[in-house]
Amino acid sequence: MTTFVDRVELHVAAGNGGHGCASVHREKFKPLGGPDGGNGGRGGDVILVVDQSVTTLLDYHHAPHRKATNGKPGEGGNRSGKDGQDLILPVPDGTVVLDKAGNVLADLVGHGTSFVAAQGGRGGLGNAALASARRKAPGFALLGEPGDLRDVVLELKTVADVALVGYPSAGKSSLISVLSAAKPKIADYPFTTLVPNLGVVTAGSTVYTVADVPGLIPGASQGRGLGLEFLRHVERCSVLVHVLDTATLESDRDPLSDLDVIEEELRQYGGLGDRPRLVVLNKIDVPDGKDLAEMVRPDLEARGYRVFEVSAVAHTGLKELSFALADLVAKARAARPEEEATRIVIRPKAVDDSGFSVVREEDGLYRVRGEKPERWIRQTDFSNDEAVGYLADRLNRLGVEEELMKAGARAGDGVAIGPEENAVVFDWEPSVTAGAEMLGRRGEDHRFEAPRPAVQRRRDRQAERDEVEQAYEGFDPFA
Ligand SMILES: Nc1nc2c(ncn2[C@@H]2O[C@H](COP(=O)(O)OP(=O)(O)OP(=O)(O)O)[C@@H](O)[C@H]2O)c(=O)[nH]1
Ligand SMILES: [Mg+2]
């Protein structure tokens with residue numbers, strides 16, 4: 001027996017970016033030939049893709065942890081690391097992706113539609129890429145960024161054109177079995193169907209799908225029976241069919257009150273009010289059934305329903321029914337906006353990465369939040385002073401120091417960059433007052449260059465000061 005799984009929690013991990021490489025070119029007679037460390041490769045994404053040959057989420061129920069491969073680190077000789085491989089996860093048509101709070105992230109309908117569930121980390125730049133006119137020989141490289149880690153919930157909402165609803169044992173599965181080639185389980189006890197069945201029907205030139213759901217009983221929308229859980233499978237259908245039992249042995253039931261009960265449950269569930277409906281009176285092969293059908297038909301028609309008398313067992317009335325359904329399906333398809341290109345790629349919303357914020361917290365800690373500063377922290381190898389210095393330069397250029405000062409931070413105050421769980425905390429040392437002069441400029445190795453004449457040294461120092469000044473333009477620390 002195949003198990004049907006229509007809701008799973010999936011934990012996806014994109015690949016980490018490969019680290020950049022710090023390397024110096026070596027050749028005979030030319031021992032220090034300049035930086036040649038390559039960039040790290042990008043980490044692979046985890047991508048959900050609709051595949052019509054997949055019908056359940058069973059695979060993910062068995063193996064809910066999925067990871068794409070990491071990018072490879074860069075190497076000397078300007079060799080970039082290989083990108084990690086994207087991990088493609090096939091999902092059934094009609095899979096809805098939610099976050100753990102229940103927000104819909106994507107609704108995947110149509111073969112090939114895809115959703116990037118976790119984005120791979122960027123590779124770190126190697127020291128060759130970090131070199132510039134002023135920083136000729138960086139002795140560091142950037143770290144690759146970790147890939148996204150995400151917990152998502154996948155829910156399957158069957159994509160069928162027609163949905164059959166009705167009491168248990170009304171004959172819904174029997175109808176699917178005679179309208180299509182599907183062979184669902186059929187039996188004379190209630191709740192034979194535990195998961196939706198799907199059948200493909202051909203009527204004339206129209207091909208459409210029909211699904212049933214487990215039988216509904218009064219109170220289904222409040223969780224009685226199996227109904228509520230499965231009603232989401234009829235949410236997408238364009239036509240609803242009430243299957244009414246004309247041969248039930250329960251004395252308190254008849255087709256009209258059954259219809260009222262089911263309609264009330266659908267109303268409580270919500271969202272299905274606009275679907276065209278028709279009524280099937282089933283089991284008219286039973287003598288009393290035919291009489292009862294004749295009796296209730298005028299009432300049903302008075303309520304505006306088209307009524308079809310059928311017998312799933314004796315195969316009567318099926319042709320008219322299947323053509324009437326084909327007609328409604330064709331109309332619904334025509335009314336729907338032109339099917340969007342089948343391949344839709346949905347990416348998580350791009351975040352605005354220009355801004356950052358500085359907040360002084362209760363314990364006196366200054367917290368910096370922002371896409372860029374947080375990314376730069378992840379890229380920094382804190383065991384390398386030069387890399388840390390480069391980070392300080394970047395933060396300074398973005399205006400983080402300025403904002404810290406505005407917020408009242410003084411040398412020695414604690415500064416945290418990033419969220420609580422994984423912030424980098426350090427004692428602030430404003431670069432304006434730091435004794436950078438004495439240390440020589442960052443990213444320079446004097447062995448690489450001829451000693452600079454005094455004039456040049458002075459000019460360089462001035463350029464550096466100008467840069468700092470620019471960063472603080474309009475800022476008066478005593479204001
Ligand atoms: N006489 C007669 N019996 C029928 C007809 N259609 C279905 N049945 C019988 O009714 C019983 C229930 O049929 P199912 O098709 O399993 O009913 P269902 O609506 O799918 O029921 P659940 O899955 O429990 O909700 C079975 O014993 C069928 O053989 C019919 O047209 N005539
Ligand atoms: Mg059934």
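Cβ atoms here come from the backbone N, Cα and C positions, even for glycine.
Features of the protein shown, as given by TrEMBL:
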type: DOMAIN; residues: 2-159; note: domain 'Obg'
type: REGION; residues: 61-86; note: region 'Disordered'
type: DOMAIN; residues: 160-330; note: domain 'OBG-type G'
type: BINDING; residues: 166-173, 191-195, 212-215, 282-285, 311-313; note: GTP binding site
type: BINDING; residues: S173, T193; note: Mg(2+) binding site
type: DOMAIN; residues: 348-430; note: domain 'OCT'
type: COMPBIAS; residues: 440-450; note: compositional bias 'Basic and acidic residues'
type: REGION; residues: 440-479; note: region 'Disordered'
- Positions whose Cβ lies under 8 angstroms from the region 'Disordered' (61-86), at least six residues beyond its ends: 5, 8-21, 23-25, 36-47, 118, 120-121, 123-124, 126, 128, 141, 144, 147
- Item | DSSP-derived helix, strand and coil totals, residue by residue, for the region 'Disordered' (61-86) | 2 helix, 5 strand, 19 coil
- Message: Whole-number answer please: how many Å between the C-alpha atoms of K283 (GTP binding site) and T193 (Mg(2+) binding site)?
- Response: 18
- Message: Running a distance check here. Ligand 1 versus the binding-site residues S169, S173, V195, S311: which have CB less than 6 Å from one of its atoms?
- Response: S169, S173, S311
- Item | Other CB atoms within 10 A, centred on G166 (GTP binding site) | 26
- Task: List the Cα distance (Å, whole number) between S311 (GTP binding site) and T193 (Mg(2+) binding site).
- Result: 19
- Filtered binding-site residues, from S169, S173, S311, whose Cβ is under 6 Å from an atom of ligand 2: S173
- Item | Distance [Cα-Cα, Å, rounded] between S169 (GTP binding site) and T193 (Mg(2+) binding site) | 9
- Note the mean pLDDT of the domain 'Obg' (2-159), expressed as a whole number. 90
- Show which residues of the chain containing K172 (GTP binding site), separated from it by at least 6 in sequence, have their CB under 8 Å from its CB. L164, V165, G166, T193, D212, V213, G215, V243
- The rounded CA-CA distance in Å from P214 (GTP binding site) to S173 (Mg(2+) binding site) is 9
- Note on the structure: Counted with DSSP (H/G/I as helix, E/B as strand, rest coil), the domain 'OCT' (348-430) has 29 helix, 16 strand, 38 coil
